[in-house]
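Chemist: What Swiss-Prot records for this protein is below:
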type    : residues                                             : note
BINDING : 86, 107, 108, 115, 183, 222, 237, 289, 299, 300, 301 : substrate binding site
MOD_RES : 220                                                  : 2,3-didehydroalanine (Cys)
């Protein structure tokens, strides 16, 4: 049985650039949009021609908007590090609950989504244990359920989930995704009496991913920064960019050492990750598999329910501490 598709009304904000935002009407009847396209274009290709353009117009259209976004989000309310299934779920819940917050998502890869474009071992299907199907219902993502196997549901392709979630997140006017961008460090404020274990996180240090990958063979580049009173780190378990914030907390002595992710145990891991998603240092919330490196939880393997519900918990934590952290960062 598949849930009905949710009706989603995309919202838009003024761009600050002369012009208007157009939100096309979507087809409500299967095949309707295809029929309209074929009616418009079909059999007319010999006379087809795009509207004329000058190359500089394309350059200006891109750069004006990108640098406007850099300027707007230099002071953000929340920065989410990592646009995998956990980070995107966090962004969705936060942006929907608090449309007044400016939310920046920083993703090192060109393609957001992390490992959630496929299930385990490059297979297509995505398995989520109940009650994570409630998040699928919220998004309107169809899934299969088996009366003989009532404890989990299956999305036919992980990419269906991720593309749906990503499209909804990017439709919010208060969200900006900066992909192909790395977080190289954390912006900090001293704790009372200089206590490193009470340091406050007050933003992120960013750079182009291609620059970050070549610091060992290039003399450039100094980074950029984004200030925010709440940082949510969902960079996954240890890897080239994984567990970044967790490892940085150790190197700046805010925590003594990492707990080290344990072996795979789905039953133990998923509950632990969701329940313990929290603010691990003032202004820094860690969720998803990155948390396993802090606390020494088991890995969960190819089941994704804890990723999305850890994102829900991270959003709840951010809403709980936001006002206090914003006031403290302003002092």
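Each residue, glycine too, has its Cβ placed from N, Cα and C.
Worth saying up front: this structure is predicted, and the values here are computed from it rather than measured.
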Chemist: Tally every other Cβ atom lying within 10 Å of the Cβ atom of residue 108 (substrate binding site).
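Modeler: A 10 Å sphere around the Cβ of residue 108 (substrate binding site) contains 24 other Cβ atoms.
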Chemist: Translate the DSSP assignment of residue 183 (substrate binding site) into the three-state scheme.
Modeler: strand
Chemist: Can you tell which of 86, 183, 220 has the least company, meaning the fewest other C-beta atoms within 10 angstroms of its C-beta, among these recorded positions?
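Modeler: Taking 86, 183, 220 as the recorded positions, the minimal 10 Å Cβ count falls on 220.
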Chemist: If you measure residue 183 (substrate binding site) to the residue listed as '2,3-didehydroalanine (Cys)' at Cα, how many Å is it?
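Modeler: Residue 183 (substrate binding site) to the residue listed as '2,3-didehydroalanine (Cys)', Cα-Cα distance: 16 Å.
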Chemist: Sorry to bug you, but what's the C-alpha spacing from residue 220 (2,3-didehydroalanine (Cys)) to residue 108 (substrate binding site), rounded to the closest Å?
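Modeler: Counting only the Cα atoms, the answer is 18 Å.
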Chemist: Within 10 Å of the Cβ of residue 301 (substrate binding site), how many other Cβ atoms can you find? Include all protein chains, please.
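Modeler: Excluding its own Cβ, residue 301 (substrate binding site) sees 15 Cβ atoms within 10 Å.
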Chemist: Pop the Cα-Cα gap between residue 237 (substrate binding site) and the residue listed as '2,3-didehydroalanine (Cys)' into the table, whole Å please.
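Modeler: One finds 28 Å between the Cα atoms of these residues.
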Chemist: Using Cβ atoms only, which residues of the same chain lie under 8 Å from residue 237 (substrate binding site) while being at least 6 residues apart in sequence?
Modeler: 243, 261, 289, 290, 292, 293, 299
Chemist: Among 86, 107, 108, 115, 183, 222, 237, 289, 299, 300, 301, the annotated substrate contacts, find the widest CA pair distance and round it to a whole Å.
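Modeler: Farthest Cα pair among residues binding substrate: 37 Å.
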